[in-house]
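Colleague: Input: one structure, supplied below.
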Amino acid sequence: MNVFSEDHIQETSRRGRIEVICGSMFSGKTEELIRRLKRAKFAKQRVEIFKPAIDTRYSEAEVVSHDSNSIASTPIDSSGTILLFASEIDVVGIDEAQFFDNGLIDVCNQLANNGIRVIIAGLDMDFRGIPFGPMPGLCAIADEVTKVHAICVKCGQLASFSHRTVKNDKQVLLGETAQYEPLCRTCYLKAIQEDSKK
Ligand SMILES: Nc1ncnc2c1ncn2[C@@H]1O[C@H](COP(=O)(O)OP(=O)(O)O)[C@@H](O)[C@H]1O
Ligand SMILES: Cc1cn([C@H]2C[C@H](O)[C@@H](COP(=O)(O)O)O2)c(=O)[nH]c1=O
Ligand SMILES: [Zn+2]
C-alpha cells in the first residue's frame, strides 16, 4: 500500500512511464498537468512541453489553464515532431492531446520505452460524448489514468460531459464558456434532448 498521495520516486528516477489526465472541459486537466510538470522542474528534471499548434485559444506558445496558470510550451503540428525534441529529456508534457493524430500513441510508447516520463492531458469525449482522437488509445497504453471532473453548472454534481451551447456540428471548435458548459450525465442528456427540439 502506498500511504503517500504523491509517488516521489517518479519525480527523481529516470523510469519511463505514461500518465494520462482526462476529463471534460473545466475539470482541471491543464492545472494538474502544469502542477506535475512544475514539480518535475523543481526536481531538476529536464522537461519539454508540447501542444497542438491549432490551439491558439489563450496563447500561441504557452499551455494556459482556465484559471490563468501557465507554462511555456512548443506548439507543433504533428505528433512525430515530439521525437525530434526528445533527446536529453526526462519528462515530456502534452496538452490538448485530443487534437493530435493517432501517431501520438506510438510516439508516447517510444518515449516511455526510452525511459521518459510522459504526462498527457486531454478531453476524453467530444461534445457528442464520443471518444476524442487518440485519447482512448492513450488511456489504453497508459501506466496510470487520472480522470478529473468539473462541477455541473446546472446541478452541482460531478461533470463528465462538455455540452456545446452553440450550433456547430464540427468535431473541432475551439472555445470556452461562451461555447461549452460542463454537465453531469443527467443534465447532459436533458440538454441534448432540448437541443434536438430547437
Ligand atoms: N464548472 C466548473 N467546474 C470546475 N471548474 C471550473 C468550472 N468553471 C470554471 N472552472 C475553472 O476551471 C479551472 C480548471 O481549468 P483547467 O485546468 O484549464 O481545466 P481543463 O484543462 O480541464 O479544461 C478550475 O480551477 C476553475 O477555476
Ligand atoms: C468538447 C469539445 C471541445 N473542443 C475544444 C474546446 C476547447 O478549445 C478545447 C478543450 O479545452 P479544455 O482545456 O479541455 O477546456 O477543445 C472541441 O474542439 N470539440 C469538442 O467537441
Ligand atoms: Zn447536473
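Using N, Cα and C of the backbone, Cβ positions are placed for all residues, glycine too.
Quick paste from TrEMBL:
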ACT_SITE  E96  active site, proton acceptor
BINDING   G23, S24, M25, F26, S27, G28, K29, T30, D95, E96, A97, Q98  ATP binding site
BINDING   C152, C155, C184, C187  Zn(2+) binding site
BINDING   V172, L173, L174, G175, Y180  substrate binding site
Colleague: Could you state the CA-to-CA distance between L173 (substrate binding site) and the residue listed as 'active site, proton acceptor' to the nearest Å?
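Modeller: The separation of the Cα atoms works out to 13 Å.
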Colleague: Take the Cβ of A97 (ATP binding site) and count every other Cβ within 10 Å, whichever protein chain it belongs to.
Modeller: 28
Colleague: Just to verify a number: CA distance, G175 (substrate binding site) to C184 (Zn(2+) binding site), in angstrom, no decimals.
Modeller: 19
Colleague: So if I take the binding-site residues (M25, S27, K29, A97, L174) and measure from each Cβ to the nearest atom of ligand 1, which come out below 6 Å?
Modeller: M25, S27, K29
Colleague: Out of M25, D95, A97, L174, the binding-site residues in the record, which is closest to C155 (Zn(2+) binding site) when you go by Cα distance?
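Modeller: Nearest candidate: M25.
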Colleague: Any idea what DSSP makes of Y180 (substrate binding site), helix, strand or coil?
Modeller: strand
Colleague: Can you name the residues of this chain that are 6 or more positions from K29 (ATP binding site) yet have a C-beta less than 8 Å from its C-beta?
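Modeller: The answer is I21, C22, G23, D95, A121, G122, L123, V148.
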Colleague: Roughly how many Å lie between the Cα atoms of A97 (ATP binding site) and V172 (substrate binding site), rounded to a whole value?
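Modeller: Per the Cα atoms, A97 (ATP binding site) and V172 (substrate binding site) stand 13 Å apart.
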Colleague: Show which residues of the chain containing the residue listed as 'active site, proton acceptor', separated from it by at least 6 in sequence, have their CB under 8 Å from its CB.
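Modeller: The residue listed as 'active site, proton acceptor' has long-range Cβ partners K51, P52, D55, A121, G122, L123.
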Colleague: Of C152, Y180, C187, which binding-site residues come within 10 Å of M25 (ATP binding site), going by C-alpha to C-alpha distance?
Modeller: Y180
Colleague: Identify which of the following recorded positions, namely G23, M25, E96, L173, Y180, C184, place a Cβ less than 6 Å away from any atom of ligand 3, and list them by sequence position.
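Modeller: Result: C184.
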Colleague: Relative to ligand 2, which of the binding-site residues C155, L173, G175, C184 have a Cβ found under 6 Å from one of its atoms?
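Modeller: L173, G175, in sequence order.
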